[in-house]
């Protein structure tokens with residue numbers, strides 16, 4: 001977790017090269033170019049926001065422009081109109097994502113400590129975690145469906161928490177192992193000389209030093225389990241339906257409610273987007289460490 | 001004596017800390033893996049959960065019709081094209097970002113947003129953008145006199161390729177950009193004293209040093225592209241016909257539309273066996289990156 005890549009702390013790897021041939025082209029040129037790219041790749045999101053603010057009649061009449069009579073009716077519909085279960089889907093997603101974060105950390109933090117520091121199992125567990133992450137999730141869909149039907153976990157929040165824990169544990173173990181290796185063992189050895197037991201060392205010495213890795217894992221696991229679709233599609237039918245499945249449920253006998261769908265899909269992406277804005281440091285460090293430290 | 005006592009205490013603690021992981025791995029990794037393999041040799045179905053051993057019948061029936069191989073072919077083609085494009089574009093974008101310019105922080109955040117959006121929800125947003133009646137893109141095309149049916153068999157594959165590139169170039173960008181930030185700067189300074197040309201430096205110094213990072217970005221994207229499900233399923237459900245049926249969509253449909261668990265498990269097993277030889281190789285390469293300097 002040493003590759004912190006905040007744009008403000010970076011050191012322009014190639015800048016020295018460029019400087020020699022720099023005719024001082026305006027930096028604003030890059031602002032313009034990169035700004036255009038950044039906006040272009042977000043057109044689907046921006047378009048959904050625009051559609052969500054157009055009244056029903058305007059959506060088909062004015063597909064390109066800004067809303068002429070901006071309205072929040074679609075948001076009110078999605079949140080309050082009877083017959084829509086969107087608030088329930090949203091709560092389900094939150095419960096699944098938070099539950100998964102907790103379960104993943106409860107399983108992965110002690111186990112990774114045992115693997116890396118106490119020599120449990122050895123390197124092959126980390127390697128299997130990396131390997132498991134590379135296998136196609138679809139393979140596990142049928143076995144999970146059968147298992148969950150037998151255990152009575154089908155269409156339940158605990159069931160989806162367990163499924164998402166399965167999907168996210170490998171990455172959590174990889175990141176935590178990498179984070180642990182970055183912490184010098186001397187600190188813990190000093191602790192054990194003081195007579196602190198292994199559990200107290202883990203809880204009061206290691207955990208605080210591992211905090212930024214734990215937060216990165218929590219943020220990534222939250223987003224990935226919030227965004228899961230395949231397992232939700234197979235393992236939920238109505239009670240445990242999350243937003244990824246429920247956001248497009250706005251098809252009525254009178255037609256497809258495009259405005260409501262766009263409002264619902266934007267609301268559904270808000271939690272991960274907020275993380276992207278306010279916890280970017282952890283996201284970036286987690287994603288890049290997860291890629292290279294597998 | 002004290003040594004062995006401490007040693008024994010350490011082992012006991014390691015075991016205790018690993019219990020949750022071991023239990024979880026047995027129930028939700030090892031068991032589904034075994035049951036998935038076993039199911040492949042049975043006639044188990046959605047409606048008839050009793051297992052009847054039927055030898056290699058499932059494997060014979062997969063290869064008897066072209067559907068499975070077609071799905072494999074489409075998946076391979078799709079993955080090859082999108083990953084190649086995403087690597088080149090991500091690298092280019094990382095080079096563009098590798099300098100100071102006004103608004104860098106904002107655009108960096110904006111560029112990362114597509115990674116955070118659930119592919120299933122992005123699929124809905126694409127639909128809002130591309131729908132013939134209300135979409136901005138068809139309206140825009142029409143206003144310049146083009147009337148292209150985006151979801152027709154001839155244009156749907158390029159369309160899906162573009163959409164995948166739109167969502168996942170930010171991922172390759174992020175990994176490569178992070179690698180660029182930890183680039184040993186002295187290397188460049190040394191060679192720029194020699195007056196080495198920018199592109200020569202890029203080719204002879206930057207690319208070789210970045211190779212592990214590029215490798216990680218490439219393989220993580222390739223693995224994800226091969227298991228693509230969400231966006232395509234939401235947008236086309238594998239159609240028109242079976243034109244855009246990926247392996248994941250094929251397996252899902254066999255299992256939950258045809259209800260043939262045995263055949264779906266057999267297809268999953270074939271995919272798994274085809275991917276398995278690459279796993280240790282990738283794990284070793286990616287892991288060796290993470291061990292640098294340790």
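Cβ coordinates come from backbone N, Cα and C, glycine included.
What TrEMBL annotates here:
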- A:28-50: transmembrane segment (TRANSMEM)
- A:90-279: domain 'ABC transmembrane type-1' (DOMAIN)
- A:94-120: transmembrane segment (TRANSMEM)
- A:132-153: transmembrane segment (TRANSMEM)
- A:159-180: transmembrane segment (TRANSMEM)
- A:201-223: transmembrane segment (TRANSMEM)
- A:229-251: transmembrane segment (TRANSMEM)
- A:263-284: transmembrane segment (TRANSMEM)
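When Cβ-Cβ distances under 8 Å to the transmembrane segment (A:159-180) are tallied for each of A:28-50, A:94-120, A:132-153, A:201-223, A:229-251, the top count falls to A:94-120.
Counted over residue pairs separated by six or more positions, the transmembrane segment (A:229-251) shares at least 3 Cβ pairs under 8 angstroms with the transmembrane segment (A:132-153), which defines the two as touching. Of the Cβ pairs linking the transmembrane segment (A:263-284) with the transmembrane segment (A:132-153) and spaced 6 or more residues apart, fewer than 3 are under 8 Å, so the two regions do not touch. Using a Cβ-Cβ cut-off under 8 Å and counting only residues 6 or more beyond its ends in the same chain, the transmembrane segment (A:94-120) has close neighbours at 126, 157-158, 160-162, 164-165, 168-169, 172-173, 176-177, 180-181, 185, 188, 198, 202, 206-207, 210, 214, 217-218, 221-223, 225-226, 228, 240, 242, 271. If you look at the transmembrane segment (A:132-153), the same-chain residues 6 or more away from its ends with a CB under 8 A from one of its CBs are 159, 162-163, 166-167, 170-171, 174, 230-231, 234-235, 294.
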